[in-house]
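Taken from TrEMBL as is:
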type	residues	note
DOMAIN	90-166	domain 'PA'
SIGNAL	1-23	signal peptide
TRANSMEM	193-211	transmembrane segment
TRANSMEM	246-266	transmembrane segment
TRANSMEM	272-303	transmembrane segment
TRANSMEM	315-339	transmembrane segment
TRANSMEM	345-365	transmembrane segment
TRANSMEM	372-390	transmembrane segment
TRANSMEM	427-449	transmembrane segment
TRANSMEM	461-482	transmembrane segment
TRANSMEM	488-507	transmembrane segment
């Protein structure tokens, strides 16, 4: 059973390594290239739908320049333009083309971006598409010595493969037309509402399950006290062996382990490494799903005998017949998700496995008192800020965001995320939340409900209602900040920890119970838990 528990704790550590709320960037701010008159646009993604010989074709994505005319945000207001190939192709000297409002397609190189735009505008073009010499997009800025730039047409950079495709059509005498527009994200997407409900609901369910289990153990041990201490000692280990109490050392060590694992992911990020994470996620998801299903079915009297009857299984110890019965279904579910995880609705399976894993971890892993909870969340708070913001100084990019997006892996991102597709977003994508943004504050929220029940506090006089409300508000503020930052990834714990932990500490101080919560927490008489030793891994 010890090995079984350590697997859960290891998965919890892996899951808690990704604390990020992100919706994807469509507006890019740049402090390296300062703004000045005529060169002060934001770098925005631009949609470039195409029509070949009157038939709608591929829609490409480019990036708008720091200079030039800003684009329409709505497709219905964007005009349809004929696309022409620049002659000369680099658009660095006077064009031989006779233009009357066409969009010109030019190659990057041999002169500045502003020179190309000026040449295209002088020739009568309505916009210029510049083909990059690489497959990725490049931010077009003004030259250092250009102080007063006046360009009246839009300038957009296209990736090399998109430009080559359009150039092929033009050289084969095909008629090519394009639209240029940059739609804005909605202020709030329904996906964020559902994701908020999912995160709050997961902690709510996990907290009540954890508190109910703790109360059942307390009631049974109170009965055993009447029958004699010897019998209590004999039975106590059986009931408590499934609980892992995080101690102070392991709370601090979490940051070290999580940071090392995050750097390893960043350095080794590749397709095969994501596959390893998928396997680990499936293992954790299967364990979580079968645990949740067995507990849920045990509530019905038809399944209670199977849930209370156990059989010895090699490497796993005593396992109930009910768990054995649901295991094949859980394994099959995880395998099917892993195989078909690229299809459009695979996020549903990922969320089911993820929620089951999170609930199970919160039921098994406990914060024994407010002291450990404060240390754990404070360390996670600093960890989240460091790897989202401070890491840019050493690695030239945000390590947390790169890992969460799955850059360099050829995948949509790591599997240790809950995600929902953005339903009314013209750019598509997903609203996501890392497991750590639920598990870590969830440990403290679950502790608050266990304490309330064992101390026989009412809902309003206790701590759970306020801790749960604080978590919900903290997560809500995270999404507000996310939208205010134009979709840039945000460290969710930056907002959640002050709300959740701050509320708990303030209430404890006002009620004169802070010392009890800090040093003792759950009364010792209720259960004798296993202490998680960091050296066990």
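Every residue, even glycine, has its Cβ placed from backbone N, Cα and C.
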Using DSSP, how many residues of the domain 'PA' (90-166) fall into helix, strand and coil, respectively?
17 helix, 15 strand, 45 coil
Residues of the same chain, at least six outside the transmembrane segment (372-390), with any C-beta under 8 angstroms of its C-beta?
16, 19-20, 246-248, 251-252, 254-255, 258-259, 262, 398-401, 436, 440-441, 443-444, 447, 489-494, 497-498, 500-501, 504-505, 518
Do you know the mean pLDDT across the domain 'PA' (90-166)?
88
Which one, 272-303, 427-449, 461-482, has the most C-beta pairs under 8 Å toward the transmembrane segment (345-365)?
272-303
Can the transmembrane segment (427-449) be said to touch the transmembrane segment (461-482) if we require at least 3 CB pairs below 8 Å and skip pairs under 6 apart in sequence?
yes
Are there residues at least 6 beyond the ends of the transmembrane segment (461-482) whose Cβ is under 8 Å from a Cβ of it, and what are they?
21-23, 188, 192, 196, 199-200, 203-204, 207, 433, 437, 441-442, 444-445, 448-449, 451-452, 455, 488-490, 492, 494-500, 502-504, 507-508, 517
